[in-house]
């Protein structure tokens with residue numbers, strides 16, 4: 001492969017779409033805490049002064065949608081009308097119904113192993129050995145930049161920062177290996193009382209330099225810090241936000257394919273979410289086992305049917321064993337039926353709010369990031 005550039009972006013927890021994702025997942029967590037078998041599809045819309053929470057929920061649990069919404073917004077940091085959005089005064093509207101019985105009859109079964117997929121669809125999982133967390137470097141460092149922005153905002157190091165921010169990192173590759181960082185973009189909302197010179201200096205010293213590895217920075221690395229020159233109006237006052245609009249940010253930053261389904265607000269019976277997590281788990285274990293340097297998994301389902309309609313393994317020529325053997329190992333060691341993958345990854349717990357900002361993958365404490373099958377795969381493949 002010749003020299004090339006690759007770019008990924010991320011957004012902070014205060015970005016309007018991420019506010020919506022976090023509210024949807026906070027509602028999901030609150031329901032799962034009381035009723036692990038609940039069916040939840042929660043969608044959120046945010047705009048200046050208002051939040052609309054809707055969707056389909058079938059559960060015996062009762063949760064306070066308004067309180068969950070306000071608490072989530074408060075934790076993100078929108079606590080004053082000067083920011084254009086205030087957790088304490090915004091209107092919160094709820095429009096939640098029940099899951100269609102037509103869908104429900106195809107999902108719930110007497111034998112849990114026969115639990116059908118909650119919808120048709122295709123999902124992808126990916127892993128690469130170019131970082132220690134087996135994720136692509138561009139999305140990994142894009143996430144870390146906006147995560148650092150939130151950290152120095154919340155700990156008071158840069159008190160003039162506001163919750164909305166975006167990052168973008170362009171990496172240089174030569175023959176598939178990282179050789180440097182070509183460009184960094186960091187746009188952050190700020191208060192009126194900070195001048196651009198001080199902002200640029202503080203962002204460089206407190207956010208960018210502590211995050212990006214020095215060995216990848218060169219004299220030619222370009223920096224674009226608040227390139228419009230001003231970012232006071234942000235959050236839901238600047239743009240409306242919707243659940244599920246940041247699916248590339250949520251996954252691999254464009255370096256792997258995407259089946260199109262969003263994650264946030266969906267309980268694990270929705271394979272859009274749970275099977276994408278399982279596909280990441282499979283791909284990561286294959287790479288961790290040393291069976292490939294890069295691996296992409298595709299899995300697909302039919303609504304109401306337990307067995308996947310297809311499983312595909314792509315290693316981009318980096319596989320250490322024949323490709324068809326990789327597929328056989330996946331089928332042998334991973335149960336990708338809806339009930340099987342929920343059990344395999346222990347997904348019926350309130351763990352989802354935390355996934356809704358800074359990426360669903362590459363964060364080691366999530367169960368789909370375990371590499372507990374790597375040794376088994378390596379032994380079965382006959383590698384020393």
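Backbone N, Cα and C atoms are what each Cβ position is placed from, and that goes for glycine too.
Model, not experiment: these values are computed from the prediction.
Pulled from Swiss-Prot, these are the features on record:
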- 15, 164, 165, 166, 230, 231, 239, 245, 246, 262, 266: ATP binding site (BINDING)
- 17: Mg(2+) binding site (BINDING)
- 43: K(+) binding site (BINDING)
- 56, 99, 239, 270: L-methionine binding site (BINDING)
- 99-109: region 'Flexible loop' (REGION)
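Each of the binding-site residues 15, 230, 246, 266 was scored by the number of other CB atoms within 10 A of its CB, and the lowest score belongs to 230. Distances between the Cα of residue 17 (Mg(2+) binding site) and those of the binding-site residues 56, 230, 246, 266, 270 are shortest for 246. Spatially close to residue 239 (ATP binding site) yet at least six residues away along the chain are 16, judged by Cβ distances under 8 angstroms. Binding residues for ATP (15, 164, 165, 166, 230, 231, 239, 245, 246, 262, 266) extend across at most 36 Å, taking the greatest CA-CA distance.
Listed in sequence order, 20, 24, 53, 54, 55, 242, 243, 244, 265 are the same-chain residues at least 6 apart in sequence whose CB falls under 8 Å from the CB of residue 43 (K(+) binding site). Taking the C-alpha positions, the distance from residue 246 (ATP binding site) to residue 56 (L-methionine binding site) comes to 21 Å. Counting Cβ atoms from all protein chains shown, residue 17 (Mg(2+) binding site) has 23 others lying within 10 Å of its own Cβ. The separation of residue 270 (L-methionine binding site) from residue 15 (ATP binding site), Cα to Cα, is 25 Å. Each of the binding-site residues 56, 165, 270 was scored by the number of other CB atoms within 10 Å of its CB, and the largest score is that of 165. Nearest to residue 56 (L-methionine binding site) in space, judged by Cα atoms and limited to the binding-site residues 165, 230, 266, is 266. Residue 165 (ATP binding site) falls within a strand segment according to DSSP.
DSSP assigns residue 56 (L-methionine binding site) to a strand. Across the structure, residue 230 (ATP binding site) and residue 270 (L-methionine binding site) are spaced 41 Å apart at their Cα atoms.
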